[in-house]
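Features of the protein shown, as given by TrEMBL:
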| type | residues | note |
| --- | --- | --- |
| ACT_SITE | 25 | active site, nucleophile |
| ACT_SITE | 27 | active site, proton donor |
| BINDING | 25, 27, 244 | Mg(2+) binding site |
């Protein structure tokens with residue numbers, strides 16, 4: 001680690017207060033989608049949830065995700081060019097002004113040479129810029145209204161799973177020490193572009209910046225976890241993985257990080273609503289010991 005990087009990390013942890021880095025899975029953790037589509041979420045309620053309604057809700061999300069991917073994020077062009085994170089090809093980006101760049105006519109093909117890697121890097125830069133502007137700057141007001149309504153319908157059907165997960169992120173981001181904020185990173189087994197779109201549609205982009213979204217499809221979650229550790233390799237940074245799958249659990253064990261397993265079962269406290277920053281603080285404490293930040297988290 002160079003001195004400049006060390007100073008930047010030190011600035012994120014003022015007064016010796018540890019910074020918690022949460023590494024999240026997406027589906028069946030921060031959001032529900034796969035379990036809506038295949039009916040497993042509703043089935044866990046033993047008949048009190050309408051399975052068909054859950055599938056319908058999931059299919060509506062799937063339709064909007066794919067449309068926005070194709071219309072706004074070049075997904076038809078880059079579907080076969082999945083990268084593990086948005087800045088993975090930054091070295092090929094020469095900084096060209098893209099305001100008048102014609103992405104439809106630049107003859108982009110599979111990035112097997114430097115020229116096409118540059119063209120893909122341009123697309124990634126455009127995706128990052130659009131992501132940071134937010135959904136309201138990408139779609140029209142009518143579409144926004146439809147998406148807002150779908151979010152509320154989904155949140156009601158799932159007993160506030162979406163809003164509770166988002167509240168967790170918000171509580172961490174407005175931590176007890178105003179000069180130190182916890183960091184949220186997404187490591188998903190989904191493709192990169194659709195995962196960024198999901199973040200926008202499920203109102204997670206406020207807490208998950210584009211550079212903090214990783215796709216593990218081709219490299220595995222352990223490799224992503226190692227990259228994250230390299231980014232925040234400082235004694236004041238502590239890590240905890242949260243997800244529902246075996247892969248993130250195994251990767252967390254290898255990294256010797258605490259792991260919180262999310263459970264869909266309605267009587268479980270390890271779901272949303274249920275899991276809180278206070279809950280997760282016990283996992284941090286078990287591995288890293290207690291801190292003032294732990295005792296103040298509610």
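Each position is counted from 1, following the chain as shown.
Cβ atoms are placed via backbone N, Cα and C, with glycine included.
If you measure from the Cα atom of the residue listed as 'active site, nucleophile' to that of residue 244 (Mg(2+) binding site), you get 7 Å. Residues within less than 8 Å, Cβ to Cβ, of residue 244 (Mg(2+) binding site) and separated from it by at least 6 positions along the same chain comprise 25, 27, 28, 29, 261, 262, 263, 264. Those same-chain residues not listed among 25, 27, 244 yet with C-beta within 8 angstroms of the centroid of the Mg(2+) site C-beta atoms are 26, 28, 29, 30, 34, 188, 189, 243, 245, 248, 262. Of all the Cβ atoms in the protein chains shown, 20 others lie within 10 Å of the Cβ of the residue listed as 'active site, proton donor'. Around the Cβ of residue 25 (active site, nucleophile), a 10 Å sphere holds 25 further Cβ atoms from the protein chains shown.
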